[in-house]
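Asker: Shown below is the structure under consideration.
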C-alpha cells in the first residue's frame, strides 16, 4: 500500500533528514529536458498559452540561417556603395554571441554586466584590454541608458549583424586604402563615422528582412533553414485540452502560413495513427503583423485577414472570437478580451527578451517563458567541461589555505601570483569553450547583462518550449533559493558567537516573552486607564502573511 504525500509530510521533521542533495537530483529531469525557474509558476493556473513564431515555434537552423542573413546583408551594403571586397567575408558562428553592445562612437563590440561594467571589448577582430581599454572607457564602465550611443544586440536575428559590424570595423581599420580614426575612418577627403556605418548596417538588415529575399529564400529551402520537430503537434494538442492556445507573430500571413504548414507537415496528427490536421486547428486565436513591442502597449487596429489572398479586409474587426479567422494587428488587450483572460492567466512563450518577454511582463503581467536555443550548448559546456569548474574551486580553496592563519597583525605576504595566473588561465579556457566572446550568461564569475535580463523578466526559460512536454499541466515550477554570498559560502552548522564582538548577532528577533509583554502593557494601561490605548506592541503573525513566491497567492485561490 502506497503512502500519500500528505501522510508522509505529517512528520515534516523526517523530510530534511531523508531528502539530501543527491536524493533531490534523482527527481530532476535530464538537463536537456529541463525547464528552469526564476519565479514560481503553477501550471494549473494557466488558462492560455501564447506563442511567438520566429525562433520559438519555428527554430531556424544555425549557422545556416545566420549565414544566409549575413550574405544578403553584405550584398545589400555593396549595392549601396560599400567595397566589393566585403563579399569575401563569410559568417563565422564562433565569434558572435547575443547580448553584446555596439558602441557607435568608437566602433567597439562590448560585453557588459548588468551595471554596465566591461567584461570584453573588441575592435573588429582585435580584443582590447588593459590601458588601451581605459583610454576610451576610463572606468571600464558604460552608461547603458545612453541609447543614442550604445545599441544592444539582444536577438537571434542580431547575430549576423553582430559579426558583420566586427568585419566592417576590422576591414576599415586595417585596409591600407583607408585612414583609421578614433571615431571612424577616412577615404581621402571623405570621412565615415562608426555611427553612420552602424546606421547603414541597421538599414541594410531591415531591408533584407522586409523588402529583400530573406523570407523568399527561406521558404524555397525550408529543410535547410527550419527545424522540424514531430513533438510539436502533440504538445499543442495537449495544451489545447487544458486551455486556449494562441499565436501572436510579427510576420505577415503568407510567410506565417508557409512556415507553419511546413512545421505541421506530418502524415499523421498529434499522435501516430491519428489523422492529419491543418496547423490552424491547433490554435484558438491566430494573430499576424503584431508589431511587437508596440503590440503590448497601444497596439494597432485589429483587422481580419483574407486567408485566400493574404490581404487585409477593410475595416476594424469588432466581433467576438471566431474559429478559423486570422487577425492582423491589434494589441495584448485585444488578446485578453477575445480569449476572456487576464494577465496572470496567460503564459507567453517567445525568444525576444525585449519584444516578447520584457514588455509582456511589465505592461500586461503575463507569465513569461523565454526560449534560449543557445542554452543547449551552454549546458553541454557546463557538464562536459566540469573539470575546469572544479579546478577553479580547488584554486579558491588553495588561496584560502594560504591566508588561513593570518589576521591584521600578520606581516607575512603570501605569494599568490602563480595562483592568480592559473585562475586567469583556467577562466579563459572556460570562456573559450563557449566561443570567442565567451558564454552568453557569464564572463568568469560575473554574470552578463543578458543573464540579468533573463533572471529579471523570464519566469521560466529553456532551450526549447518543447521541454514542457515532459511536465504535467498540474506541475508547480518552484524557484530555487537565490543565495547571497553569506548564504552560499556559510555552512548550516552552529557557530558560537562572541556577543561582545557581535552584539547584534544574538539579538532575539524570533521569540517573545508574551507574559512579560502583557505585564508591561498592563502597567502602561493602568497609568492611562481612562484612555483606550492603540496597539503598543506588534504581535508575531500566527499565519502565513509573507509572499514567498510569485505564484502562491492564497487570496486568488479563495476567490476561485
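One-based numbering along the chain as shown.
Yeah, the Cβs are placed from backbone N, Cα and C, and that goes for glycine too.
Dumping what Swiss-Prot says about this protein:
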- 52: active site, nucleophile (ACT_SITE)
- 52, 54, 202, 206, 215, 249, 250, 251, 292: IMP binding site (BINDING)
- 54: active site, proton donor (ACT_SITE)
- 541-560: region 'Disordered' (REGION)
- 548-560: region 'Required for tetramer assembly' (REGION)
Asker: Rounded to a whole number, how many Å is the Cα of residue 250 (IMP binding site) away from the Cα of residue 54 (active site, proton donor)?
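Answerer: Cα to Cα, residue 250 (IMP binding site) and residue 54 (active site, proton donor) are separated by 9 Å.
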Asker: Pairwise over 52, 54, 202, 206, 215, 249, 250, 251, 292, annotated as binding IMP, what's the top Cα to Cα distance to the nearest Å?
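Answerer: So the binding residues stretch over 23 Å, Cα to Cα.
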Asker: May I ask which of the binding-site residues 202, 215, 292 is closest to the residue listed as 'active site, nucleophile' if we compare their C-alpha atoms?
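Answerer: So, spelling it out, the nearest of the binding-site residues is 292.
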Asker: Mind checking which of 52, 54 has the fewest other CB atoms within 10 A of its CB? They're the active-site residues.
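Answerer: Comparing Cβ neighbours within 10 Å for the active-site residues 52, 54, 54 has the fewest.
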Asker: Find, for the listed binding-site residues 202, 215, 292, the residue with the lowest Cβ contact count at a 10 Å cut-off, counting only other Cβ atoms.
Answerer: 202
Asker: For the region 'Required for tetramer assembly' (548-560), would you mind checking the mean pLDDT of the predicted model?
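Answerer: It averages 56.
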Asker: Measuring Cα to Cα, tell me the gap between the residue listed as 'active site, proton donor' and residue 292 (IMP binding site) in whole angstrom.
Answerer: 12
Asker: Taking the Cβ of residue 250 (IMP binding site) as the centre, count every other Cβ atom within 10 Å, in any protein chain shown.
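Answerer: Step by step: centre on the Cβ of residue 250 (IMP binding site), count other Cβ atoms within 10 Å, giving 20.
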